[in-house]
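Below is one structure; the comments refer to it alone.
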Amino acid sequence: MPDLEQHVSLRPYNTFGLDVRARYFARFASADELRQLLRRPEVQAADKLILGGGSNLLFTQDFDGVVLKNEIRGLEIIGQDDATALVRAGAGESWHGLVEYALDQGLSGIENLSLIPGTVGAAPLQNIGAYGAELRDTFDHLEALALGTGELRVFTAAECGFGYRESVFKNTLKNQFVVTAVVLRLHRQARPNVRYGAIAETLAELGITGEPTPQDVSRAVVHIRRSKLPDPAQVGNAGSFFKNPEVSQAKFDQLRSQYPELPGYPVPGGVKLPAAWLIERAGWKGLRRGPGAGTHGVHDRQALVLVHHGGATGHDLRQLAEEIISSVRQQFGIELHPEVNIL
């Protein structure tokens, strides 16, 4: 039976490094261990939070319930044909560890998602994406345990309802299932995706010419991320705090008349705008708040990232996010929405 601890600090378990506490805390390394925990009266009666890497969370207060940390491991190829291979990953594996495993096996398809923090189980919840790729591009199915019954269920891509940083697990099925494993269909032949401009530029900087390998693309993405994004081990953060907003073509044209340098990327039904550009243009990039040199603020190299330097609270960071949202709304008439889950 897994241990159920009380009044546990969650500081080591969230990448903002915020020192909030959980009333109960337990780890599980299998679906059976999770079922055992769910049968305990203390767990049944409490609010539940399933925790992976804690890299997409902002705690604004203590969690008066039970935090269940997913530590289900395992990486294996479960099937293949001439063109593809099915890779099954335990939900508690690190996402970047899965990327490295795929590359070691000579498989491609997720190298553009290199170095995204967090665990495999969290990836489908918000359909992680970066540098011209998304999880749904290679997703085959996932296995999840129903919190209410303890039964395992398989979800296909269609049943997951993937959208831009969205899935049914953030909406209609929120807090109803725990992902236990994810299965991806990866390519056995290299299919380098270098449509994102910065990747091609970085490959050139790294001296990589000709057709890049999946390892080359991964190396370029890692280089880009490390140059732009702070390491949570050095400064507290949850990566991109806001989603990139989508606007109508008419709204984009109106903004372009005022801001000719505004970037925009066509999407079905409109144009996607870089939230980082809007936040920086509104004057927030590099801002620090709090006593001394500042306890929290906006990263000086990537305006999408809110940072915790130490000594701030989750409430401080949420208030800063709300001020940024209000500022962008006033200046551009655009509503930003958090990508991070605020509790």
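Glycine residues also receive a Cβ, built from the backbone N, Cα and C atoms like all the rest.
In TrEMBL, annotation is done automatically, which means it is predicted and not curated.
What you see is a predicted model, and the numbers here were worked out from it, not measured in a lab.
So that you can see what the record holds, here are the features copied from TrEMBL:
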- R165: active site (ACT_SITE)
- S240: active site, proton donor (ACT_SITE)
- E339: active site (ACT_SITE)
- 17-189: domain 'FAD-binding PCMH-type' (DOMAIN)
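All features noted in TrEMBL, drawn onto the structure.
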| residue | record | Cβ neighbours (10 Å) |
| --- | --- | --- |
| R165 | active site | 18 |
| S240 | active site, proton donor | 21 |
| E339 | active site | 18 |
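Reduced to three states, the DSSP call for R165 (active site) is coil. E339 (active site) is 7 Å away from R165 (active site) when you measure Cα to Cα.
With respect to their backbone Cα atoms, E339 (active site) and the residue listed as 'active site, proton donor' stand 7 Å from each other. Taken together, the residues of the domain 'FAD-binding PCMH-type' (17-189) have an average pLDDT of 94.
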